[in-house]
Amino acid sequence: MKGDKKIIDALNDILTGELTAINIYYLHYKMQENWGYEKLAEHSRAESMHEMKHANQLIERILFLEGAPNMARYEEIPVGKNCQEQLKSEYAYEKKHVEKLKKHIRLCLDKNDFVTKELLDGILKDSEESCDWLETQFSRIQDIGIQNYLTEHMKTEE
């Protein structure tokens, strides 16, 4: 089915964000794992895999609309030097992604593309949940301090 060029461009814009997020979360996963923060690393790994599912959905939709998925475009990948910086950069990235999603959802409404809107609504819901999880981590850090927070996320000996 031939899709609207602006919708395909919007989907590719969101795809760029998802591909970038895969790499952000995966890099943070490997760094956190290396530092011994097993629980935090596992969350970052799961986020990376979740972003991959979003990318897959976007690619399928772009192809269905007879567009070409742009798999070569990435945004800058922020690298936090410690876990707290990583959480902050993830939050900033997710907040920016939420705003892009809202903009493109409005475009879908204007173009009467309700299937693409539904897809983006699902990704928006997940991105907002990621923001909420990160806000909770910031509250925990404020309440118990960064050292206690990191201790909670360390590798547990079995």
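Note that Cβ sites are derived from N, Cα and C of the backbone, with glycine treated the same way.
Bear in mind that TrEMBL entries carry predicted annotations, made automatically and left uncurated.
Keep in mind that what you see is a predicted model, and the values were worked out from it rather than measured.
Feature list (source: TrEMBL):
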- 1-145: domain 'Ferritin-like diiron' (DOMAIN)
- GLU18, GLU51, HIS54, GLU128: Fe cation 1 binding site (BINDING)
- GLU51, GLU94, GLU128: Fe cation 2 binding site (BINDING)
- MET52: heme b binding site (BINDING)
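The structure, with features from TrEMBL marked on it.
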{"residue": "GLU18", "record": "Fe cation 1 binding site", "Cβ within 10 Å": "21"}
{"residue": "GLU51", "record": "Fe cation 1 binding site", "Cβ within 10 Å": "25"}
{"residue": "MET52", "record": "heme b binding site", "Cβ within 10 Å": "16"}
{"residue": "HIS54", "record": "Fe cation 1 binding site", "Cβ within 10 Å": "22"}
{"residue": "GLU94", "record": "Fe cation 2 binding site", "Cβ within 10 Å": "22"}
{"residue": "GLU128", "record": "Fe cation 1 binding site", "Cβ within 10 Å": "15"}
Cα distance, the residue listed as 'heme b binding site' to GLU94 (Fe cation 2 binding site), nearest Å? 15
According to DSSP, does HIS54 (Fe cation 1 binding site) sit in a helix, a strand, or coil? helix
Which three-state DSSP class does GLU18 (Fe cation 1 binding site) fall into? helix
When secondary structure is assigned with DSSP, how many helix, strand and coil residues does the domain 'Ferritin-like diiron' (1-145) contain? 117 helix, 0 strand, 28 coil
Round to the nearest Å and give the CA-to-CA distance linking GLU128 (Fe cation 1 binding site) with MET52 (heme b binding site). 17
Roughly how many Å separate the Cα of MET52 (heme b binding site) from that of GLU18 (Fe cation 1 binding site), to the nearest whole number? 7
